[in-house]
Amino acid sequence: MTNSMILILFLATITSTYYLTLAHESSPLQDFCVADFKSSVRVNGFTCLDPKQVKADHFHFQGLHIPGNTSNPMRTFINRPTVFEIPGLNTLGISTVRVDYAPRGVVPPHRHPRAAEVLTVLEGTVLAGFVTSDPENKLISKVLQKGDVFAFPFGLIHFQQNVGENDAVTIAFLSSQNPGVIAIANAVFGSDPPIDVDMLANAFQVKHTIVDKLQAPYK
């Protein structure tokens with residue numbers, strides 16, 4: 001291998017590593033950077049509050065132990081404290097979420113555009129799964145019992161369902177202070193303004209009337 005080829009490979013490696021690093025939240029350069037929501041400075045995340053103004057409450061959240069109301073069509077309740085509820089999470093690259101499930105309750109197919117996730121079952125029996133990217137679109141799923149842990153890879157579509165006879169509870173940790181969530185059905189059929197019916201009918205190879213019915217609950 002010539003010196004020029006070695007140099008090209010070295011530069012390619014450095015460049016790819018640089019862009020891979022930019023794709024995730026950077027490591028903090030100080031002990032903490034509590035989010036300053038009042039700052040007018042625009043950055044990826046939030047600017048730092050003056051350390052002299054930082055209090056314990058900036059790192060604190062109450063109520064994650066309290067069961068949520070599952071009396072809704074999905075039969076679940078999601079308690080998702082992110083950097084907006086815990087300003088001290090800013091730059092730390094982590095957040096958490098608790099889900100309460102009534103029997104047959106579901107967290108419908110969704111993805112987190114900025115995070116991977118590790119799910120732990122605290123109570124009950126939960127089906128968890130994700131689908132790999134094209135062209136395989138392989139379903140990887142498992143029924144979890146109390147104490148079981150399941151990982152959802154970065155950005156992939158995933159879901160949960162209580163498949164037991166009793167209520168279930170899970171807690172998860174995500175690799176972003178603000179992971180975001182894209183519910184697939186909401187995004188496709190409930191966008192504002194709506195996606196063209198003809199386009200969706202062609203994409204899913206169904207009749208226009210079926211698309212109309214799927215979009216109707218969101219109108």
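A Cβ is built for glycine as well, from the same backbone N, Cα and C atoms used for every other residue.
Unlike curated entries, TrEMBL annotations are predicted automatically.
Some features that TrEMBL has for this protein:
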- H110, H112, E117, H158: Mn(2+) binding site (BINDING)
- H112, E117: oxalate binding site (BINDING)
- C33-C48: disulfide bond (DISULFID)
- 1-23: signal peptide (SIGNAL)
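TrEMBL feature annotations superimposed on the structure.
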residue: C33; record: disulfide bond; Cβ contacts under 8 Å, 6 or more apart: F46, T47, C48, L49, N90, T91
residue: H110; record: Mn(2+) binding site; Cβ contacts under 8 Å, 6 or more apart: I157, H158, F159, V181, I182, A183, I184
residue: H112; record: Mn(2+) binding site; Cβ contacts under 8 Å, 6 or more apart: F152, F154, G155, L174, S176, P179, G180, V181, I182
residue: E117; record: Mn(2+) binding site; Cβ contacts under 8 Å, 6 or more apart: A151, F152, H158, A172, F173, L174, S175, P179
Other C-beta atoms that fall within 10 angstroms of the C-beta of H158 (Mn(2+) binding site):
22
What number of additional C-beta atoms lies within 10 angstroms of the C-beta atom of C48 (disulfide bond)?
19
